[in-house]
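Enquirer: First the structure, then my questions, so here it is.
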């Protein structure tokens, strides 16, 4: 229960609850129980030894913590219910929603279990003479290896198609001081600090049971002092002026179309989309914008129909560039696309969504389970992922682009920034889920703006659309489930943060230092 309580505390930290300060202590129960736990024996399993590993405390404790954290933080996935508008019966819809929630929860919890097993592995490697003579230096080495393992696991998990709830996103969008450190090595910088400070406090508490009581104080003072200094340094970075020049400014108009998913892909939805985005474009063009940004799938048409739509005619009339969310076709399916339409009504460039939502936009192992599991989408065709190495040039310069789920992947934005992307535009449709999901999505885009040191404009279907500066400050944010138009200026930037240049170098350094230091201390000396 203590582990579950810690996980629930961590689950309260992300948006929209935003109790980010709890993240700096919520790992302590997990850390202490992982280090001090003994094997759990369940009487009714005495005769079933093959099940024993699954009921070991090294599995049950992190599983409970992970379930508390990921289960609460990602509970918004249940907002896909009801899916009766897609022809799914109410009970079947509920079952699908619960399955999705449990699946992503246990996938996140699996990372925590892997961390616990990794810590156990290194503990068992220690030579016997160290087990009864553990010093503060040894405790700090354990903090180092624990931090390295967690960052390494997050790096591995982020390579997959189910990635959202990194520990780092618990600090966004309000703890902007600590988020500034994401410029150095991306989200792993924030994750490392959270794990290290929690681990140091936990080690100090573990030492309260040791014979040398005074040894606990350096361990306790160190993380508190470090946390204060890093926040102070982050606050210094946050207050650095952001250069604004009329030569680099782009006056962007944002349209939040507010087309409910229940009607979006049917006749009424098509009519409302054409009307809402065409009229919105006219109004924004008349207000003197340089470009208009629309959400993901704003006009759910393929190029042949898109180019015959009233919106394109209006673009030709007004002569203002538009970024339009639509589709494009491929042999094996379709791609979710953002088009740059010039003032003459021509397609200047296109970006295809790279990171697709499993089961929602494509079926993993389609050849095996495609006949059993249907996607949570009314479209018949399989969605295809775009090339990760796309370049998106615009009449204003090269842009960094993300469509919806792309925002969860910091490397996706880093890669584009390293290739000359000067500003961020994201297009999303979060109408499928509860209000917590748009809040977390916005928090992710705040992190991406800071990591790349870029201005960001966000257009969503139902909210939250926003404008974010390179320090992560939200200059404007829309309401939820409303039709909105907004005009703001973003600026092109060519700076390159350490993260943009070198990627996630910190995780590599932590792993090398952790393993080498642990080996030298506990295996050879």
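The backbone N, Cα and C atoms fix where each Cβ goes, glycine too.
Okay, these came from TrEMBL:
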- 20-38: transmembrane segment (TRANSMEM)
- 59-78: transmembrane segment (TRANSMEM)
- 90-118: transmembrane segment (TRANSMEM)
- 139-164: transmembrane segment (TRANSMEM)
- 184-207: transmembrane segment (TRANSMEM)
- 219-238: transmembrane segment (TRANSMEM)
- 250-497: domain 'CN hydrolase' (DOMAIN)
- 502-524: transmembrane segment (TRANSMEM)
Enquirer: Would you mind listing the long-range same-chain contacts of the transmembrane segment (59-78), meaning Cβ under 8 Å and 6+ residues beyond its ends?
Expert: 1, 3-14, 26, 29-30, 33-34, 37, 40, 53, 97-98, 100-101, 104-113, 115-117, 164-165, 433-437, 440
Enquirer: Among 20-38, 90-118, 184-207, 219-238, which stretch has the highest count of C-beta pairs below 8 Å with the transmembrane segment (502-524)?
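Expert: Out of the listed stretches, 184-207 contacts the transmembrane segment (502-524) most.
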Enquirer: Who are the chain neighbours of the transmembrane segment (184-207) in space, where the CB to CB distance is under 8 Å and they lie at least 6 residues beyond its ends?
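Expert: Non-local partners: 23-28, 31-32, 35-36, 136, 139-140, 142-144, 146-147, 150-151, 154-155, 166-171, 178, 213, 215-217, 219-220, 222-224, 226-227, 230, 410-411, 414, 447, 451, 497-499, 502-507, 510.
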Enquirer: On the 0 to 100 pLDDT scale, where does the domain 'CN hydrolase' (250-497) sit on average?
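Expert: For the domain 'CN hydrolase' (250-497), the model's average pLDDT rounds to 92.
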